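Pulled from Swiss-Prot:
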BINDING   H83, H182  heme b b562 binding site
BINDING   H97, H196  heme b b566 binding site
BINDING   H201  ubiquinone binding site
TRANSMEM  33-53  transmembrane segment
TRANSMEM  77-98  transmembrane segment
TRANSMEM  113-133  transmembrane segment
TRANSMEM  178-198  transmembrane segment
TRANSMEM  226-246  transmembrane segment
TRANSMEM  288-308  transmembrane segment
TRANSMEM  320-340  transmembrane segment
TRANSMEM  347-367  transmembrane segment
Amino acid sequence: MTNIRKIHPLMKVMNNSFIDLPAPSNISSWWNFGSLLGACLAIQIITGLFLAIHYTADTMTAFSSVSHICRDVNQGWTIRYLHANGASMFFLCLFIHVGRGMYYGSFTLPETWNIGIILLFTVMATAFMGYVLPWGQMSFWGATVITNLLSAIPYIGTSLVEWIWGGFSVDKATLTRFFAFHFILPFIIAALVMIHLLFLHETGSNNPLGIASESDKIPFHPYYTIKDLLGLLLLLLLLMTLVLFFPDLLGDPDNYTPANPLNTPPHIKPEWYFLFAYAILRSIPNKLGGVLALITSILILTIIPMLHTAKQRSMTFRPLSQIMFWILTADLSTLTWIGGQPVEHPFIYIGQTASILYFSLILIIIPTVSLMENKMLKW
């Protein structure tokens with residue numbers, strides 16, 4: 001008799017995606033982060049739902065409702081910090097996942113790569129709106145500063161900002177709509193994830209060698225289910241260490257002060273996962289130029305497949321490209337550090353240098369080095 005998982009309409013889809021899926025036999029732990037991102041999304045949706053049960057999206061009570069969750073709701077503080085630090089884990093896995101795609105040439109699967117970029121943008125938008133909801137000082141001023149960037153758009157900028165705000169400043173209307181979008185977007189992300197997987201399973205996964213693996217496949221279960229489970233346990237260990245021992249390590253102390261439109265915090269800065277883009281934004285003295293650089297810093301991922309000049313797909317056997325990749329990683333770490341520093345000498349100069357290096361590496365240096373490697377290998 002045929003196993004039910006192979007004939008039942010719903011189970012068949014699950015079976016072909018997670019059980020009998022033919023997977024390359026040599027994919028390393030860098031391929032674990034896709035499943036970890038799925039786990040992060042599940043954690044965020046579940047904890048977010050329980051937070052939404054107790055939260056009120058009103059300027060007068062938002063801060064108090066978050067305080068009430070932490071003080072009075074049974075295990076409320078755990079749920080709140082799981083959600084806040086879960087976002088950090090989400091972005092950590094996202095950055096590693098994208099980095100792995102760049103290193104091993106996964107961008108040669110264009111549909112999967114482009115859906116991934118749309119997912120990155122959507123997750124960033126969701127996280128930004130979520131940061132506004134506790135209605136602390138950094139929530140309010142972060143929302144004001146970031147939404148105000150749209151006023152740099154010629155002609156329609158000011159009208160657009162007021163339309164997003166729902167008034168002439170960040171207020172009750174802004175908070176209500178941000179809560180509505182923050183609630184609905186994770187479900188849109190879940191739908192995009194399914195499309196991402198659909199396109200991935202059309203072609204099959206890439207592997208560390210970057211070569212065709214049709215001749216050497218193994219079933220996803222039990223080999224990679226066990227491997228993913230180990231990754232999940234390590235992720236949960238890191239997340240629970242943060243939640244139970246250092247819950248405020250990645251947060252901002254200013255967000256424990258209720259939002260006050262009359263008092264600007266000394267240093268307005270976003271969460272750590274946006275600091276690299278914030279540093280690029282601040283490195284350009286012109287407002288419109290800064291906004292364009294900010295958007296381009298993420299959108300540049302879309303043209304990476306066109307900038308791929310190497311004859312080999314993966315960087316596994318390309319030591320010069322590897323060095324450039326790790327310089328890019330170090331540069332992004334530098335930008336993240338600079339984003340959290342005040343706008344003064346020498347941080348301005350370091351930020352500008354790191355921003356120029358970021359764009360130069362992706363647009364000029366890495367493609368040129370790849371061409372050099374082709375010559376060296378006589379390809």
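Even glycines carry a Cβ here, placed using N, Cα and C.
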Which sequence-distant residues neighbour the transmembrane segment (347-367)? Criterion: at least 6 residues beyond either end, Cβ under 8 Å. 279-280, 282-284, 293, 296-297, 300, 304, 307-309, 321, 324-325, 327-328, 331-332, 334-335, 338-339, 341
Can you see whether the transmembrane segment (226-246) and the transmembrane segment (33-53) are touching - at least 3 CB pairs under 8 angstroms, only pairs 6 or more apart in sequence? yes
Distal contacts, the transmembrane segment (320-340) - CB-CB under 8 A, six or more residues away: 95, 99, 102-103, 269-270, 272, 274-280, 282, 310, 347, 350-351, 354-355, 357-358, 361-362, 365-366, 369-370, 372-373
Which sequence-distant residues neighbour the transmembrane segment (178-198)? Criterion: at least 6 residues beyond either end, Cβ under 8 Å. 17, 37-38, 41, 44-45, 48, 52, 55, 57, 112, 115-116, 118-119, 122-123, 125-126, 129-130, 132-133, 143
Spatial neighbours of the transmembrane segment (77-98) far in sequence, C-beta under 8 Å, 6+ residues away: 30, 33-34, 36-37, 40-41, 43-44, 47-48, 50-51, 66, 69-71, 116, 120, 123, 127, 130, 235, 238-239, 242-243, 247, 250-251, 271-273, 301, 332
On a C-alpha basis, identify the one among H83, H97, H182 that is nearest to H201 (ubiquinone binding site); the candidates are the binding-site residues. H97
Cβ contacts under 8 Å made by the transmembrane segment (288-308) with residues that lie 6+ beyond its boundaries: 98, 102, 105, 107-108, 110, 113-114, 117, 120-121, 124, 149-150, 152-154, 276-278, 280-282, 355, 358-359, 362-363, 366-367, 370
What residues, ordered by sequence, lie under 8 A Cβ-to-Cβ from H83 (heme b b562 binding site) and sit at least six positions away in the same chain? Q44, T47, G48, L51
Can you name the residues of this chain that are 6 or more positions from H97 (heme b b566 binding site) yet have a C-beta less than 8 Å from its C-beta? F33, G34, L37, G116
One should report the C-alpha separation between H182 (heme b b562 binding site) and H196 (heme b b566 binding site), rounded to whole angstrom, as 21
Around H201 (ubiquinone binding site), how many other C-beta atoms are within 10 angstroms of its C-beta? 14
